[in-house]
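I have placed the structure first, in the form of structure tokens, so that the comments after it can refer back to it.
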Amino acid sequence: MLGFLKNPVVVTAEINVNLVALTAVGLLSRLWGLSYPRAVVFDEVYYGQFVSLYMKRIFFVDDSGPPFGHMLLALGGYLGGFDGNFLWNRIGAEYSANVPVWSLRLLPALAGALCVPLAYQIVVELQFSHCAALGAALLILLENSLITQSRFMLLESILIFFILLAVLSYLKFYNLQRHSSFSGSWWFWLLLTGVSCSCAVGVKYMGLFTYMLLLAIAGLHFWHMLGDQNLSNLSLVCHFLARGLALFVIPVAMYLSFFYVHLALLYRSGPHDQIMTSAFQASLEGGLARITQGQPLEVAYGSQITLRNVLGKPMQCWLHSHTNTYPIRYENGRGSSHQQQVTCYPFKDVNNWWIVKDPGTQQLVVSNPPRPVRHGHIVQLVHGITTRYLNTHDVAAPLSPHSQEVSCYIDYNISMPAQNLWRVEIVNRESDTDVWKTILSEVRFVHVNTSAVLKVSGFTGASLPEWGYRQLEVVGEKLSKGYHQSMVWNVEEHRYGKSQEQKEREVELHSPTQMDISKNLSFMAKFSELQWKILTLKNEETEHKYSSSALDWITMDTNIAYWLHPTSG
């Protein structure tokens, strides 16, 4: 029974000395003296800020790409015990003692080192000689820019690592296809291809090019399989489903998981909140959530509200009015109505409060029970502090003469009657009887008399002159088939008005909102909004000061100072 003990246990293994040597030298070249210089180098000033925000669980948006690469850098900081306390304000700033420089640079260095053996194996899988593979690996090993990028807290080496891993995995899968389909190794390399593609895209969108290339090659190879008479229809279906699972379903699921982890980690309010919608801001701990959590959900006649423009460009702003009036005559000679100014103001202020009034009554408080406002209802918007009604008429706006002036109506006892009725249109409604909801409903206000839509015209960057305190212009835009977010508003702060007397109401408007109901966004809603912001925030018209043309890469005419020694320069 114990006869097997009479013979020794023998384990045999084939070791590719070339591969081992390349890996060792790659690690040495990338890890040697990794903590030098102990100062912020080039884009470490950029990525380091995000690492600090991860450590403090503070929400941010980076328009350069998805969050997976940032999370990997933050993992290095977490493993090194980084607390996030460092001011990333300039290149060359000396790191304080609490910054684990070696840990923060470790993952990019490891990724850069492993690119060397990956390059070797890719050339071997392409059926070239080991000598050719060694030459390709040496080119990666000794490339000056790759060594430099790998030794700092940057994403390029991580991106290249996942791209090479995806290519190698598909080549190994394809070479196994001929003689061992659906084996364990076949499944491993196919699944690793999908995982690597997802990680590459999750680091930077440049990874999409590799992903699309491998999808095209996989499609071409499958097309050739359709003509193989030796494969049954069932076998072809299984091959198609396997590729669909590994190269589409898993990458999409992983991509979503990157954002899920990102949003789960960053649950606190931060400096980038203002570019997100009110609903998103209210889902974060602190910030807007402290104000809006628990306030009444349904807007009713008599509600006191602040209206935030959904566009949020060039800055977030709220519908606002103050006692100052439009000049009787503008600098270009055009005249105005001399009515009370209405603007969009980029700061929270008591003059941002409006009262939703039923045109059929004089009541400015919420009845018991409250009467909710629904899609299509006609309302008047009364400015809380001045009690004047939001109005528009056939008078040219100050900066946009093609649009109507929006004002708060002052009765000058002249032939200019009030036109202050507005129809509430809920843009994201599910039915035509939807109730207007705090934060969640995106609404347009359509002027009953002229069909003009209340809109911020300042999204192009225009602001009123000194007489308008440089605030953004609000206009009445003639209703058209087009749609723009500058026409859409949502209720951010909301309370049920209780005071009919003006002095009591002013005290009420200055007080904090009441807490009654809370509402959170789903993950998919937050993901959709964050993904859209990442794709649309970047200004493609601005050129990076260190940008270079393809010819510069060959001639090396353009250089970049990553870091300067403080004494020698």
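The backbone N, Cα and C atoms fix where each Cβ goes, and this holds for glycine too.
What you see is a predicted model, and the numbers here were worked out from it, not measured in a lab.
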Of 26-46, 68-88, 299-319, which span is tagged transmembrane segment by TrEMBL? 68-88
Checking 68-88, 126-142, 186-203, 246-267 against the transmembrane segment (100-120) for Cβ pairs under 8 Å, the most are found for 68-88
Long-range neighbours of the transmembrane segment (186-203), counting only residues six or more past its ends (CB under 8 A): 65-69, 72, 155, 158-159, 162-163, 165-166, 169-170, 172-173, 176-177, 180, 210-211, 214, 242-243, 246-248, 250-252, 254-255, 258
For the transmembrane segment (154-174), distant same-chain residues with Cβ under 8 A (at least six beyond the ends): 42-44, 47, 69-70, 72-73, 107-109, 111-112, 114-115, 118-119, 121-122, 125-126, 146, 185-186, 189-190, 192-193, 196-197, 199-200, 203-204, 206-207, 210-211, 214, 217-218, 221
Restricting to the same chain and to residues at least six past its boundaries, which positions have a Cβ under 8 Å from a Cβ of the transmembrane segment (246-267)? 53-54, 57-60, 66-68, 70-71, 190-191, 193-195, 197-199, 201-202, 211, 214-215, 218, 284-285, 523, 526-527, 530-531
